[in-house]
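Participant: I have a structure I would like to understand better, so I am pasting it below and will then ask my questions one at a time.
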């Protein structure tokens, strides 16, 4: 069935029986022969840091909101807009980066996305005018959507099936570290009284905070240049020699042996198998390396439309619809609440400072208008009023994610990724509903910790599942499609949150809780695909 020239070593760990060749794919055999070792640990570290940078970039604006309120003269609706604009960039960027990853490869798309996010975030840190700041945050979100969507596919396509699910699960721990680091950095910088004015340019502590948070994207892009393209992607595109060289490099780094000792001599398959690959290669955007003429652009759009239609046809239709709808409910709830938690913590602290010992619900404390019953004044919510508890509470949220981040990679093989997804969605929905019943900042903190621990894990689990659900030639496109639905939900939810938080808080709680519960029900229909060969 397969034409594969092999040379096996005598060591027991390297002997591959014919049963493996008959039952497994060529790629799974080849990547297994490259062994698992030093290269994979470095790659996990890199992709983990990229994913950690996602956690920082997604939430960085939420720490700027209270501090920048005075500089930008922000109302609650303005804050909702500031939270929503990066999500608009993520919405519009998701499908763009998916196409680019299929055209030029995962590696080049990742590097470009990291640089776009880093450079525009860096520029925004020096701006003191609201609309130019929004413009740069839009493109920062545009870049962020790229490496958030491609990171899991890039890492997963290097892994043997026996390690793939566990390795991808460890990315959640890096996300948790990012959530912990962000408030620590914000706590150390934003309260500083540093203010510099040069002409119309004003640079304060929150600007410095943004500057520092923009640098990791640029540095990670530079480090990524030292890693190869995904061998699975190269093989799928018919670039057999390049894929073989990549696998030899992995083998050498893992074993210390020269590339010539790698047991697989050729990745060229027989006529029947090749016909499948040739069809996919002809339909792959990889064949269009440049777009110079209107005809090239038309062909590119036709190919994008073709792959999009393929995702919404059997046998992929069910999985595409399910992942898009689940992503919509989960992502819109997660990104909205996590972006607004620092703001809610700040309002709770201000209220309790003015009225110590008075119990108040999260909805009551959200009013920022002076009324006869003694609600908060918007003037009290300026950057100078941000207390230490805002940072400590957010720090505790990150620490609370450690148990779930460890639980999943240690137990995912026994319980399955689908179990974790269903559990995370239902628990998050219940926690979101329980926000209505909190009466003080401590109760709000406990529920916030639970929400972040389970909803954040749910996003990572869904991305892990999607690596197995779709074949290589549409894996990134499918992730981009679901991400587009998720960003659309996040965009609408953030704008709605900013408009309703001061007047219809209970409605928001009902909406987010319902979205999560419905997503949990939908996730029950997903197939179980633990540790199968990559298509």
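Glycine is no exception: its Cβ is also placed from the backbone N, Cα and C atoms.
Since this is a predicted model, take the numbers as computed values, not measurements.
Annotations for this protein, taken from TrEMBL, read as follows:
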DOMAIN    43-531  domain 'Major facilitator superfamily (MFS) profile'
TRANSMEM  41-65  transmembrane segment
TRANSMEM  80-97  transmembrane segment
TRANSMEM  109-131  transmembrane segment
TRANSMEM  137-155  transmembrane segment
TRANSMEM  167-190  transmembrane segment
TRANSMEM  205-224  transmembrane segment
TRANSMEM  321-341  transmembrane segment
TRANSMEM  419-438  transmembrane segment
TRANSMEM  444-465  transmembrane segment
TRANSMEM  477-500  transmembrane segment
TRANSMEM  506-526  transmembrane segment
Participant: Report, as numbers and ranges, every residue of the chain located at least six residues beyond the transmembrane segment (321-341) whose Cβ falls under 8 Å of a Cβ in that stretch; write 'none' if there are none.
Facilitator: 58-59, 61-62, 83, 87, 312, 393-394, 397, 421, 425, 428, 432, 448, 451-452, 455-456, 458-459, 462, 465-466, 469, 478, 481-490, 492-494, 497, 501, 512, 515-516, 518-519, 522-523, 525-526
Participant: Kindly say whether the transmembrane segment (419-438) and the transmembrane segment (444-465) touch, using the definition of 3 or more Cβ pairs under 8 Å where each pair is 6 or more positions apart.
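Facilitator: Between the transmembrane segment (444-465) and the transmembrane segment (419-438), which are separate recorded stretches, there is contact, as judged by 3 or more close Cβ pairs.
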Participant: Which value does the mean pLDDT take for the domain 'Major facilitator superfamily (MFS) profile' (43-531) in this predicted structure?
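Facilitator: Computed over the domain 'Major facilitator superfamily (MFS) profile' (43-531), the mean pLDDT is 81 on the 0 to 100 scale.
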Participant: What stretch, picked from 41-65, 109-131, 137-155, 477-500, has the most CB pairs under 8 A with the transmembrane segment (205-224)?
Facilitator: 109-131
Participant: Using a Cβ cut-off under 8 Å, which residues of the same chain at least 6 positions beyond either end of the transmembrane segment (137-155) come close to it?
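Facilitator: Residues packing against the transmembrane segment (137-155) from afar: 43-44, 47, 50-51, 53-54, 57-58, 61, 82, 85-94, 96-98, 100-101, 106-107, 109-110, 112-118, 120-121, 124, 167-168, 171, 214, 217, 230, 463-464, 466-467, 475-476, 479-480, 483, 487.
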Participant: Looking at 109-131, 167-190, 477-500, which one has the highest count of Cβ pairs under 8 angstroms to the transmembrane segment (41-65)?
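Facilitator: The stretch with the most close Cβ contacts to the transmembrane segment (41-65) is 167-190.
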Participant: What residues in the same chain, six or more past the boundaries of the transmembrane segment (109-131), come closer than 8 Å to it by Cβ-Cβ distance?
Facilitator: 50, 53, 57, 60, 71-74, 78, 93, 97, 100-101, 137, 139-147, 150-151, 154, 200-203, 207-211, 213-218, 220-221, 224-225, 476
Participant: What else in the chain is close to the transmembrane segment (477-500), if you only count residues 6 or more beyond its ends and a Cβ gap under 8 Å?
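Facilitator: Contacts with the transmembrane segment (477-500): 76-81, 83-84, 87-88, 90-91, 94-95, 97-99, 102, 145, 148-150, 152-153, 307-308, 311, 316, 319-320, 323-333, 335-336, 339-340, 462-463, 466, 469-470, 507-508, 511-512, 515.
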